[in-house]
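Taking it in order: structure first as structure tokens, then the write-up.
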Amino acid sequence: MFQQPWYSPSLVSSSSSSRPQTSGQTPAHVSPGEAAGIIALLKDKSVDELRKLLSDKDAYQQFLLSLDQVKIQNNIKDELRRETLQLARGNLEKEPQIMELRNQCKIIRTTELATAQEKLNELERQKEEILKFYSPDSLLHRLQEAMNQADEESEALQEKFLEKEIDVAAFVQKYKKLRTTYHRRALIHLAAKTSTVG
């Protein structure tokens, strides 16, 4: 009595494939040369052997694994598996080195980066001080102080002259120099103030 086949009969209806397909798979494309080779192998089988291939999953599997095309595919698959395992082992062997590098990066981040950040903050603070020192308001203020100083020095010199602590020639020379300095600074101050306002 003929046994029920172990696979769906609709899978055998495709003439393009000599192998049963599971549902959801696309049929494999077999070249005419490959198909001829498989047909030649099946042609030598008796009707009972062919029935056994259709009804016995193990017999079909054994026949399938004996095909050259399947052997080649299995060899490629085994080779790929070996290469993948070799790559995985290589990656696992590098894991301590990766962890060490990761730790070094963490140390660099926490020490050298912190030091660099501190230095950057200090340079930023210095830059702000320099910008503040050379700001127009600061320059005008310092120029005003220099004017006041020249004015006070000339008044002090005038007091000395009135109290006869300095002779006329020395007084005229120093007083003239101080007043020239005062007026030069006053003119610069006035020009700078006018240009910042305008």
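Cβ from N, Cα, C; glycine included.
As the structure is a computational prediction, the values presented were derived from the model and not from experiment.
Taken from TrEMBL as is:
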- 106-167: coiled coil (COILED)
- 8-18: compositional bias 'Low complexity' (COMPBIAS)
- 19-28: compositional bias 'Polar residues' (COMPBIAS)
- 117-198: domain 'VPS37 C-terminal' (DOMAIN)
- 1-31: region 'Disordered' (REGION)
- [ ] Give me the mean pLDDT over the domain 'VPS37 C-terminal' (117-198), rounded to a whole number.
- [x] 90
- [ ] Tell me the residue counts in helix, strand and coil for the domain 'VPS37 C-terminal' (117-198), as DSSP assigns them.
- [x] 74 helix, 0 strand, 8 coil
